[in-house]
Every structure is written in C-alpha cells, then in structure tokens.
Amino acid sequence: MINMKFFNRVEEIKEILSILEEEPNLIYFIYGPINSGKTALINEIINNRLDKNKYVVFYIDLREIFISKYDEFEAKLRATKTFGFRLIIEVLFEEYEDDKKPIEIIRSLIKDAPSLCGIPTPKNTLEEILKKKTTKNVFKYITNILMDIKREGKQPIIIIDELQKIGDMKINGFLIYELFNYFVSLTKHKHLCHVFCLSSDSLFIERVYNEAMLKERVDYILVDDFDKETALKFIDFLSEEILNKKLSDEDKELIYSYVGGKPILIINVIGKLKHKNLKDVLNILLMDEISKLKDFLSNLDYIKPKVNIEEEIIEIRKEDIINALKLFKGKYEIEVDKIPKAVYVYLVKKNILFLYPQRGTLKPQSFLVWNAIKRVL
C-alpha cells in the first residue's frame, strides 16, 4: 500500500468547508466516476481540515456495513416490512454496552477519533427502539441526540458513503425515501445537521436529480477524474514521492494518454515503475481492459440484456450496444440523447459509461475504458 500526502482538490475542499460554515439548509450529494477520489476527499476534510471543537462527524460507510449482510437483508426486506425498519437501525446506530447517556458517550469518543461510525446508543435504549418498530421513533431519537450536540456548542454532520446501496432496495415504497424525508427535515426545515451523501452510482444520482420531492432541497458536488493539467501535476507529485525523481514530459504525456486523470490508475502506474518498464505497464493495463470489453461483447451473443425503465422491462440488442459505444471512437463525452435510455442505463450499470445528470452527458468510466473502446470497435 502506497502511503502519501493528500493531493489537490482545492476547489472541492473550499466548497465543502464553506458549506459547513453556514447553517444546514440542503442535502449535498458528492458524486463522480468510480475511484475518482470522493472518499479520499471526505476523509481529508474529516481528519485534517475540521476543527474538532466545532464539529461532530458521523461517518457511515455502507461498504463496511453491507459487505456480509447485503444479500441477507435483501431477502428479509422482501419478506417483511419489519426488516426495512431494522435496516435503518443497522445503518445509523452503533450499539454500546455502557449505560451512559449518548451525549456522554459522544464526548468521550470524539477525544480520540475524528469521526464516529454511527449514532452511539446504549444497548437497553436500542432494544426499546427495536420494540416499537417504527422509523418515527428512530428519527426522533436521532434528532434529540443532534440537538444535544448543538446545545454543547458543536455542529453535527452526517456523512453516508455509498448511499445507493439502500437505494438499490426497491422495497416497501423505497426505503431510502424515509431517509431522504428525514434528511430534508434535518437540513431544510430544522437547520440542525449538515448531511452529505457520497456515491459513484450515476444512475442513482440521476434518480435523485429527477425526484420531485427533493427539488430545491439538494445540491451536487462533482468529484471528477483530474483534468489534464492536474493529472500531469499529480504524476510529478507521485513520481517524486514514490520514485524520488521526475518523469520526462514525454513519459507523463504517455501515461495520461493511456489512463487519463483517474487517480487510482495513475497511482498504480507510478507504483509499478519501481521495478517495471513504463510501456510494459501501460500495455498490460490496456490489454486487460481490452480483454474485459471483448468478453463483455462476446457474452451478448448468449444473453439478452434487460433493464427496468419506469417499471417496464426493456430488452437490449447487442447491435444497439455496439452502435452506442462506437459513438465514443472520436469523442470522449457525448450528449445523453444520442443513445437510447435503456442502452445507456445498461452500459452505466456495467461500469462502462458514466452519466452526468446535470450536464446531460455520458463518457467512458475512464480513459482506459475509452482506449479499449477505440481499439475494439
């Protein structure tokens, strides 16, 4: 694992810190392509940019919560409404054996940690909440804790990473809408708590963007792959950190032409240069991506892809998928209306394309995917 200082994201950090200085008013969705650095950005802010004397952060990473329980919850949610309620408990609360008041637990925990991984709740209190089996009691309990934090002179912040993992569960009238309604209450109505939701699922962001109940109640912060200028600076930064030298302009341009501004791919390339040749590293990455794309297209000869659009199941032809991908041979980003919705939904779900709902455009998930498209089609 390469350990290094955080790089750039000056504008995004400035924007988020500016939001935190004002009273809570909107739900903020921090979104962008896979591995563009969303979680790294929010961790940098939590760990190094916030005054612990002013803020109490609840950082809930659904990747950790659902890694072993997602399938189990999915099945139980389909079977009974009760487990929808239990899922919210599972997501938002952190159980403690201690019988101290939650605010006392919070005081002791934030001395040693920059953030908390859930709403700290004594075991006996949690058992009482579970007996009542209503989200109303859950949200009332959380609100009371947040108000206690405000009375202590601190500003609470709730951050949920990979929120779409709940959004995928289209059960009981969309469980996630109960959370949205509550977050609107915390921000727009009570001005009590800042709420940030992180997601790399652009279809989920599109659903949020088009949701009438959230109009004028949410805003968006895009954490995209680096542009070329920033990517080249990042390559300089990494090569000095990892290789103790600068790369030539020719080598930097070559790296960018293969992987673009995807931070994780640039890190991967520079890390391997300690013991491998640059062209070999880049060619292996590209060949791997080409192989994945060919395999994806080959599978379409044996399966009939389907997507759900407004409760209608739409079947997609291989020919339509190929025609859509060919549009990117000469262009990295295109207007969304150039591709039938069912086709782009399928390609986004497969992490081949990324959707920008606010721009109304699509692009490959990375330069590497783009290069594979140009060579295969």
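Heads up, the Cβ atoms here are built off N, Cα and C, so glycines get one too.
In the three-state DSSP classification, Asn35 (ATP binding site) falls within coil. The Cβ of Asn35 (ATP binding site) lies under 8 Å from the Cβ of Ser200, Lys262, Pro263, Ile264, Leu265, each of these being in the same chain and 6 or more residues away along the sequence. What Swiss-Prot records for Gly32, Pro33, Ile34, Asn35, Ser36, Gly37, Lys38, Thr39 is ATP binding site.
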For the binding-site residues Ser36, Thr39, the one whose C-beta sees the most other C-beta atoms within 10 angstroms: Ser36
Cβ neighbour count within 10 Å of Gly32 (ATP binding site): 22
